[in-house]
Amino acid sequence: MIQMIIKRMVSALAMLTVLSMIAFVLIQLPPGDYADAYAGKKSQGGAVMTAEQIEEIRDKLGLNEPLYIQYINWASDFVQGDFGYSWEYHRPVIDVVAERMPVTLTLVFMTLVFTYFIAVPMGIYCALRQYSIGDHAISLLGYIGLAIPNFMFALILLYLSSVFWGTSAGGLFSPVMQDAPWSWEKFKDMMAHIWVPVVVLGTAGTAFQIRTMRATLLDELNKMYVTAARATGMDERKVIMKYPVRMALNPVVSTLGWELTNIISGAPIVGVVMSLPDMGPLFLNSLLNQDMYLAGALVMVYCILVILGTLISDLLLMLLDPRIRMGAMKA
Amino acid sequence: MSSTQTPQTHVMTTADASAVAAPPAAGSADTSANTSSASNTNSISNTGGLSNTSRLSNPNNSVKPEGQVRRYDLASHWQLMWWKFRKHKMAMTGLIILALMLVSSLLAEFLSPYDPLKRNSRYAEGAPMGIHFFDEAGDFHLRPFVYARSLKRDPVTLKRSAVVDTSKRWPIHFFVKGQKYTMLGLIESDIHLFGVVNEKGKASKKAFIHLLGTDELGRDMFSRILHSSRVSLSVGFIGVSVAFVLGMLLGGAAGYLGGWVDEAIMRMVEFIRAVPTLPLWLALAAALPREWSALQVYIAITFLLAIIGWTHLARRVRGRLLSLREEDFVMAARLAGCSHSRIIARHMLPSFMSYLIVDLTISFPYIIMAETSLSFLGLGLREPIISWGVLLNSAQNIQTLAQMPWLLLPGAVVVIAVLAFNFVGDGLRDAADPYTR
């Protein structure tokens with residue numbers, strides 16, 4: 001078991017290393033480097049820099065070193081929490097990211113909770129009442145939920161809310177709370193707003209999980225052990241909840257890590273459309289303005305979130321499912 | 001097909017079977033596979049003894065008269081798949097919708113009344129124009145028409161805007177002469193399927209028709225949607241094709257070569273699947289050089305998107321190759337002296353081709369949605385190449401949206417296309433294994 005965990009962590013670390021290389025290449029891709037950008041900013045302010053001065057900055061920042069040395073420098077800085085400097089915000093990248101990170105984390109976590117809390121009971125209902133009106137309705141909604149792109153769904157909600165209630169469903173806080181320091185009141189205010197992006201972000205995943213739950217439960221319900229359990233005269237509720245549902249939960253829960261990847265993947269675009277104070281708009285802006293240190297750092301943060309999340313969900317699964325645990329022991 | 005008909009159409013005598021290459025009941029679409037001689041001879045030889053084709057039996061005709069061959073016994077694999085697919089109503093609906101979309105996107109220049117880039121300064125930000133048969137007075141006109149729009153200056157803001165003028169009608173004519181175009185680089189013409197003429201029955205600059213409204217520059221949304229479908233669908237097709245080739249090559253290499261190649265490729269697949277794709281694409285798309293032309297960006301984005309599609313396919317190909325390696329028919333082919341490439345291409349591949357097609361159909365909507373999302377954020381395709389996402393790009397903020405809700409229409413097209421693909425995918429998934437049930 002411990003061996004398995006260590007193995008899992010090593011592979012996560014390896015992935016992070018590869019990802020950091022990709023992020024570094026991304027930072028390097030746009031033409032011009034840090035020194036050029038700095039000179040550009042300066043010249044906008046009126047101060048002209050000579051070529052020697054630019055060269056001096058290059059030397060000082062190590063931009064004349066070979067690429068792999070630069071990478072090592074960048075990576076070691078990154079590990080120590082120095083993500084570089086953002087031109088757009090005139091602040092260290094880490095400060096900008098740290099400010100936005102909690103909202104993203106809350107959003108992702110709540111979406112995950114929402115997905116499973118809706119999907120599991122719905123899936124059970126659909127399987128037990130197969131071909132009922134409710135089942136058909138949920139299937140139809142599920143199809144649409146899978147087919148509608150996140151941003152489209154967000155746009156429609158925004159439009160409807162502005163037409164019917166005259167207010168915008170975007171943002172996370174009411175105008176009063178916008179700049180207020182964090183407090184219980186502000187938290188409550190956020191909870192009142194956050195459900196909209198949660199629904200937008202969670203719908204596709206929920207639809208998918210309902211389908212999985214329904215299909216596997218239907219398979220399980222036809223198995224002999226269910227008949228056997230019924231034959232013992234067990235309470236029907238107990239028959240279903242205790243055996244087939246437990247079995248059917250397996251594929252649903254084991255996609256936890258994958259679901260998390262999807263949610264984090266979709267978060268930036270929903271953040272942009274609904275103008276949430278999370279990392280999404282930050283990310284898009286940094287990309288559009290080629291503020292590459294910020295962009296690279298954000299790519300890394302998104303990837304780290306996914307990898308950590310998958311790691312945690314794998315470990316949880318190992319705890320929950322004895323078969324995985326046993327398989328791990330054998331391996 | 002209805003169940004009452006089936007016994008007669010399916011039950012045939014041996015004599016029939018050998019004489020008839022295409023059974024009379026077969027629909028026109030599925031006659032091609034009937035001529036497959038291999039399945040014919042096979043089934044006929046089976047009819048002598050008790051056949052092993054019973055696993056093909058259909059509940060409709062489970063009573064099998066001695067010495068007779070049913071249509072099912074003669075059908076090829078693809079034909080069985082088609083029959084099963086045909087029963088899936090949603091899938092058939094999806095297929096029809098997709099076919100319509102494809103055809104209309106190919107004929108976009110002919111079907112659309114205007115060039116997608118042409119601006120109508122008299123009707124910028126114009127609302128969709130309804131088609132009428134009855135005029136204000138309640139009189140019926142056989143020829144449908146739209147009401148005329150005239151420009152009026154707002155007395156307060158002095159802003160010019162178009163207002164409906166119900167006193168004048170612009171009748172809709174078919175096959176009208178309009179702007180010249182070259183369709184698909186082949187056909188030059190100036191005939192458009194429909195258009196409006198002025199009261200004198202002449203095509204004029206003053207009369208216009210915008211069924212789905214116009215955007216902020218006065219470009220016709222209907223024409224733009226038709227043209228953008230071509231781009232969006234082509235991104236899907238090219239993306240899927242690239243994914244297909246990549247998946248076959250890499251999956252094939254992994255399954256066939258094994259060893260460290262297998263290990264390396266499978267690690268790569270795992271890696272790509274575990275990465276948050278959208279942020280990474282956004283970053284990659286943003287890193288494309290700014291000075292690239294719209295066409296170059298289009299090609300680059302398409303290939304970027306193909307990177308997701310292949311992992312699933314590679315896994316499938318590898319898994320099937322590994323399990324098929326042990327099958328008897330592969331051993332037989334090897335004993336017969338077939339080369340490795342022939343064994344893979346001619347013996348192994350056809351046996352799981354249907355699953356690959358299912359996988360491809362399912363990855364289609366992902367690519368389309370990804371492209372739409374990228375372009376929507378302004379990091380994907382760019383004007384003058386228009387896709388659904390590029391059109392939606394102008395619907396980004398809520399102020400424009402509240403004023404011009406029809407800008408969201410391309411989104412509806414996206415949803416319909418993705419739905420259709422999902423339905424077809426479902427149908428294909430069921431049909432991929434036509435021998436069960």
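Including glycine, each Cβ sits where the backbone N, Cα and C put it.
In TrEMBL, annotation is done automatically, which means it is predicted and not curated.
Features as listed in TrEMBL:
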DOMAIN    A:101-313  domain 'ABC transmembrane type-1'
TRANSMEM  A:12-29  transmembrane segment
TRANSMEM  A:107-128  transmembrane segment
TRANSMEM  A:140-165  transmembrane segment
TRANSMEM  A:190-208  transmembrane segment
TRANSMEM  A:247-273  transmembrane segment
TRANSMEM  A:293-320  transmembrane segment
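Only pairs six or more apart in sequence are counted, and the transmembrane segment (A:140-165) with the transmembrane segment (A:247-273) gives three or more Cβ pairs under 8 Å, enough to call it a contact. The recorded stretches the transmembrane segment (A:12-29) and the transmembrane segment (A:247-273) do not share 3+ CB pairs below 8 A when only pairs 6 or more apart in sequence are counted, and are therefore not in contact. Sequence-distant contacts of the transmembrane segment (A:107-128) (same chain, at least 6 residues past either end, Cβ-Cβ under 8 Å): 134-135, 138-139, 194, 197-199, 201-202, 205-206, 209-214, 217-218, 221, 240, 245, 248-249, 252, 256, 259-260, 263-264, 267, 271, 276, 278, 305, 309. Through the fold, the transmembrane segment (A:247-273) approaches residues 104, 107-108, 111-112, 115-116, 119-120, 123, 127, 150-151, 154-155, 158, 170, 197, 200-202, 204-205, 209, 212-213, 216-217, 219-220, 279-281, 283-284, 302, 305-306, 309-310, 313-314, 316-317, 320-321 of its own chain, all at least 6 residues removed from its boundaries and within a Cβ separation under 8 Å.
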